[in-house]
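Undergrad: Input: one structure, supplied below.
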Amino acid sequence: MAAEQDPEGRAAARPLLTDLYQATMALGYWRAGRAQDQAEFELFFRQCPFGGAFALAAGLRDCVRFLRAFRLRDADVQFLASALPPDTDPAFFEHLRALDCSGVTVRALPEGSLAFPGVPLLQVSGPLLVVQLLETPLLCLVSYASLIATNAARLRLIAGPDKRLLEMGLRRAQGPDGGLTASTYSYLGGFDASSNVLAGQLRGVPVAGTLAHSFVTSFSGSEVPPDPMLAPAAGQGSQVDLAASVEMWLERVCGHLGLGVQEPHRGERAAFVAYALAFPRAFQGLLDTYSVRRSGLPNFLAVALALQELGYQAVGVRLDSGDLLQQAREIRGVFRTAAAQFGVPWLQSVPIAVSNNIDEEELARLAQKGSEVNVIGIGTSVVTCPRQPSLGCVYKLVSVGGQPRMKLTEDPEKQTLPGSKAAFRLLGSDGSLLLDVLQLAEEPPPQAGQELRVWPRGARESRTVRPAHVEPLLRLWVQQGQLCEPLPSLAESRAFAQQSLHRLSPAHRRLEQPALYQVALSEKLQALVDRLSARGAL
């Protein structure tokens with residue numbers, strides 16, 4: 001198995017959740033006497049996902065948990081011994097048994113940070129053999145989490161701040177751990193809640209859900225509730241037979257809607273009554289099992305008005321098929337006339353929830369001005385990221401023994417930036433984001449108000465910039481295996497992500513054909529790149 005339960009109960013990465021060549025390289029390092037050489041790797045992506053201009057950094061908490069628990073068990077070492085050549089020196093396996101991350105240091109963007117191509121999400125330094133073994137698990141933990149968070153952020157930007165977004169993609173996710181990761185990081189990216197109960201238990205994600213069509217169709221209308229009596233919400237007064245009250249209200253509702261009392265489906269009405277008896281303070285009707293206009297809507301109104309007499313207020317309706325936008329408008333119109341007809345003002349503002357394979361295009365339609373939709377449930381489109389299934393993060397060596405290392409290639413996009421680095425975000429006087437700058441770690445940081453010459457990546461010429469504010473991007477989270485500061489909670493990271501997105505200019509937030517955000521190199525870093533490139537590098 002590739003996963004075990006961590007203290008939170010979540011499926012956690014284990015050391016052998018890796019590619020075999022990490023183990024073969026580890027043997028090579030050990031055999032060459034280089035296992036303890038101090039090395040630094042950077043984890044980053046080369047292009048923003050989904051054709052956009054930004055990404056959100058995520059997965060740090062999972063990485064820290066993995067590093068702190070990193071240890072090869074006897075069974076792990078025995079398996080590696082079976083996978084490596086039979087004449088491998090047994091001393092190598094004893095070395096593996098003693099490995100941990102006590103010598104590892106991690107700097108990273110806080111979760112929820114805006115991230116741009118080439119800027120490290122993580123910097124990982126420590127003994128060469130160990131930090132090499134960390135490559136695949138860290139990529140696995142960061143790439144999907146960041147992709148999901150970014151996808152969720154895009155959907156939130158489309159929906160706007162007022163629509164309630166529910167993630168309901170567990171049944172469509174790529175396996176149990178993929179489902180849990182998607183629920184966790186869609187919440188970080190801006191969704192309000194998830195249908196995933198385990199995400200609520202383990203990660204503190206707010207959970208939401210009501211009923212499915214199977215609940216409605218399981219009732220025929222001949223069922224007699226074992227106890228149809230319901231007490232008033234205030235707790236005082238006589239109990240009322242809710243089923244009988246609903247039948248009385250149905251006549252009035254059908255008269256208002258111009259329907260015969262036989263038209264609404266009896267089984268659907270029985271299902272609504274059963275659900276209302278179980279959840280009188282949280283009754284929601286699923287309207288489209290049979291006919292929204294002739295059945296679901298009148299049955300819902302009859303139950304909602306019967307509950308109203310007892311002091312309860314229905315919390316909403318849901319649609320799962322058809323033209324969601326048009327149906328929502330029609331339903332809102334009925335709610336308004338019914339509110340006036342029956343003297344129940346709150347009825348006109350009952351929340352309308354929709355779901356049904358909603359993607360970015362349909363979401364934009366549902367979020368347009370004049371839409372009567374209040375709550376939107378999204379499954380497949382958030383958890384599977386159909387527009388781009390992978391962020392394409394990489395983990396590249398940048399220094400060994402304090403000496404810079406650089407990968408040269410005929411593809412300029414795949415060249416790496418050498419040396420241990422610092423990253424800064426430069427801002428204008430109004431707080432607007434100007435650019436991110438990468439520089440060598442030994443360089444003094446940029447100063448607010450001082451002119452700085454930088455080399456934008458991909459440009460042939462340098463430019464000067466005078467920032468009004470300078471923000472360091474990479475924070476020290478783990479030093480020599482020890483946590484340096486408490487990690488923010490998921491809710492705190494979610495709030496930080498929304499703050500980060502609001503700082504982006506509209507041109508950079510634009511989801512189609514956005515203006516690209518600039519990442520630049522300091523003069524000293526650019527000179528190092530040029531020097532290593534000219535001499536063939538390593």
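Using the three backbone atoms N, Cα and C, a Cβ is placed for every residue, glycine included.
Pasting the feature list from Swiss-Prot:
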- Y21, T210, R318: nicotinate binding site (BINDING)
- T380: 5-phospho-alpha-D-ribose 1-diphosphate binding site (BINDING)
- H213: phosphohistidine (MOD_RES)
Undergrad: Y21 (nicotinate binding site) has how many other Cβ neighbours within 10 Å of its own Cβ?
TA: 12
Undergrad: Taking the Cα atoms as reference points, how far is R318 (nicotinate binding site) from H213 (phosphohistidine) in Å?
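TA: Answer for this pair: 11 Å between alpha carbons.
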Undergrad: Let me know how many other Cβ atoms fall within 10 Å of the Cβ of H213 (phosphohistidine).
TA: 15
Undergrad: How many Å separate the two farthest-apart Cα atoms among the nicotinate-binding residues Y21, T210, R318?
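TA: Maximum Cα-Cα distance: 51 Å.
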Undergrad: Please report how many Å separate the Cα atom of T380 (5-phospho-alpha-D-ribose 1-diphosphate binding site) from that of H213 (phosphohistidine), as a whole number.
TA: 19
Undergrad: Would you count the other C-beta atoms found within 10 angstroms of the C-beta of R318 (nicotinate binding site) for me?
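TA: For R318 (nicotinate binding site), the count of other Cβ atoms within 10 Å is 20.
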Undergrad: Return the count of C-beta atoms lying within 10 angstroms of the C-beta of the residue listed as '5-phospho-alpha-D-ribose 1-diphosphate binding site', excluding that atom itself.
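TA: The residue listed as '5-phospho-alpha-D-ribose 1-diphosphate binding site' is surrounded by 16 other Cβ atoms within 10 Å.
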Undergrad: Is it possible to get the count of other C-beta atoms within 10 angstroms of the C-beta of T210 (nicotinate binding site)?
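TA: So the Cβ neighbour count for T210 (nicotinate binding site) comes to 18.
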Undergrad: Does DSSP put R318 (nicotinate binding site) in a helix, in a strand, or in coil?
TA: strand
Undergrad: Measuring Cα to Cα, tell me the gap between the residue listed as 'phosphohistidine' and Y21 (nicotinate binding site) in whole angstrom.
TA: 49
